[in-house]
Amino acid sequence: MESQTPTTKASVVSSLMAAKRSSGKTFGQIASETGLTNVYVAQLLRRQAQLKPDTAPKLRESVPALTETHIHQMMEPPLRSYDPSIVQDPTIYRLNEAVMHFGESIKEIINEEFGDGIMSAIDFFCSVDKVKGVDGKDRVVLTFDGKYLPHTEHKVEHMVSRLNLQKD
């Protein structure tokens, strides 16, 4: 029999991460076994992404300590959020700094290559990889792979609500 269901996001995440630790596996190993990216596995276990029905059996097999309650919790739409104090963590601070430093140039290149638009953070894949640099030292490779979304011209005839009002 499973223990009482954790009710807060923090308690659910704590329980999910305990199940991961008990597996002895890294996010990368779980990703390899489930066909997901390592970052998406972390997002699932941190309740920042929703577990899909087809993936649930693979995740359950990869992380045996996950209970049916865990699986059901992970299949609920998550409350995607973050604690603003995490920006103080040096890794997150440096990621933020890198985006701020390179952001304008990245934006200019997106606009030059694609036109006036943005990269989606919804239709988006992310992974973290470790490679050896030319100097033999470890390097972090972050891949952000997002769908391009063009900005649209705001024409009245394209506004469905406006068109529906004109039919009356």
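Any Cβ shown, glycine's included, is placed from N, Cα and C.
What TrEMBL says about this one:
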type     : residues : note
ACT_SITE : R94      : active site
ACT_SITE : E97      : active site
ACT_SITE : S120     : active site
DOMAIN   : 81-154   : domain 'Cyanate lyase C-terminal'
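Residues in the domain 'Cyanate lyase C-terminal' (81-154) partition by DSSP class (helix H, G, I; strand E, B; coil) as 30 helix, 29 strand, 15 coil.
Per-residue confidence over the domain 'Cyanate lyase C-terminal' (81-154) averages 94 (mean pLDDT, predicted model). Cβ-based neighbour count (10 Å, all protein chains) for E97 (active site) stands at 11. The two recorded residues, R94 (active site) and S120 (active site), show a Cα separation of 22 Å.
Here S120 (active site) comes close to G146, K147, Y148, L149: these same-chain residues lie at least six apart in sequence, with C-beta atoms under 8 angstroms from its C-beta.
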